[in-house]
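Input: a single structure, listed below in C-alpha cells.
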C-alpha cells in the first residue's frame, strides 16, 4: 500500500511538473534538472537550498567570531558592540513578513536569487570599511539581514512542497542542520581568516564568493516554478489516500484571501502562537550565546590566568574556534536526535513534538546555568556544559518548523513562517545581544574598571538566558494542549 501511494504521488507530481515552465509553453534546462526522475530532482533542489542555508548562517556569525577584534578596532563598549547583531536581526525580522507575502504570491526562485546576490554584495563591500565608518558598518549588517530574511522565509516552504509529511521532517532536519554548521563555520572562518591574514576584514571576503556559487547553482538546478502543495497533495501525504482531485495544478488558492485575513487566521491558531513564543525563547538564548559566548570564555580565561589580556592588534581567537566546533557538533547531533525522537514518539503520542521541545528547553536552561556558575573556576567544565546546553537547544529546530507546517494550511505557510520569524526575532535575538551588552556595561560602570568585574558583569548578564529558556519550555508545554485540534483543522 505504501508503494502504491508513493507511485501515485510521483505520478501526480510528474504530471504537474511542480508548476514548472512547461505549463507556460517554455522549457527548463534539461541538462541540469532531471525531469524524468522527481526524486533526483528533489535531492538536487534540497542540496542547493542547504548550501544557501550554510552561507546564510556563516554570514550571521562572522561578527561574533571576531568580536574582540571589531570591538578593539572601533573602540566600542559592550553596549555598542551588541548593537551590531541587534541591527542585523531587527532588519532581518522586519523584512521577513514582506518576503513572506511575496513568497506566497510570486516566484520564489527569483526572490531567493535576488536575496543571495544582495547580501553577498553588501558583505563584500563591508570588508573595505575603515575605523571612521562604524555607522556604515552597522548599516551594512542591517542590509545583510534583509537579504538573509528572503532566504530563511521562503526556502523551507519549497521543501514542504517537495516532500510528503513522513519524509519532510527528515529533509527539514538536514536543512536545519546547516544552522549550527553554518554558525560554527562562521566562528571558525572568521577566527581563521583573522589569524592567518592578521586583518579581520578578510573574514568578510570569503562568503561572497560562496554566495556567487550558490546563485549559479540556484539558476541551473532549481526549477523556475515549484508547484505549491494543493489539498490533493496534502490529503495524500497525510492519509495515503487522495480525497479530492478536482483542484487543477494552476489554481492557487492564495489569491482568495488577503494578507490581513491570513494573519487573523494565524493569530487564532493556538499551536502556532504558543510554539512561536517557545521559538522566541530559543532565539533569545541562541542570539545571546552566539554573540557573547566567545568573549565571555575569553574573560573567564583571563581571570583564571590561562591567557593574558589582549594588547596586540590581532587577539587570541582560540575560543571562537573551539566554540565554533562545539556549535557544529552539538547542532548536528541535536537536530538528528530531535528528528529521530519525533519520528519514533509520534507513533505512540500525537503530542510528541511539543513535549520533546519542552523537555529539551528545560534541560538546556539547566546546563547553561551550570556552565555560567563554574566558568570562573573550571573552564573545561564550562565548555562541557555549554556543549550540552547547545545540544538540547538544537533538538528543537526542525521539530518546531514541522509543527508549523502541519498546523498551518499550505496556502498560508510562507506568511506563517514570516510572522514566526518576526515575533521570534523581535522578542528574541533582536534584543538579547544588545540587552546583555547594556546590562554588562551598566554593571561595569558602577564598579572600578578591572578584569574581574568585566567577567562578573558578563556572567550576571548571561543568567537571564537560563530563565528565558525555562519560559520557552513552558510555552511548548502549552502547545501540546492545542496541537491535535489545530492539526485536524489544517487538514480540512
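Note: Cβ is positioned from N, Cα and C throughout, glycine not excepted.
Small disclaimer: the values here were computed from a predicted structure and weren't measured.
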Range annotated as transmembrane segment in TrEMBL, from 136-159, 232-255: 136-159
In contact by Cβ distance (the transmembrane segment (171-190), the transmembrane segment (83-103); 3 or more pairs under 8 Å): no
Cβ contacts the transmembrane segment (320-342)/the transmembrane segment (380-405), at least three under 8 Å, sequence gap 6 or more: yes
Best-contacting stretch, by C-beta pairs under 8 Å, relative to the transmembrane segment (110-130) and drawn from 171-190, 202-222, 354-374, 380-405: 202-222
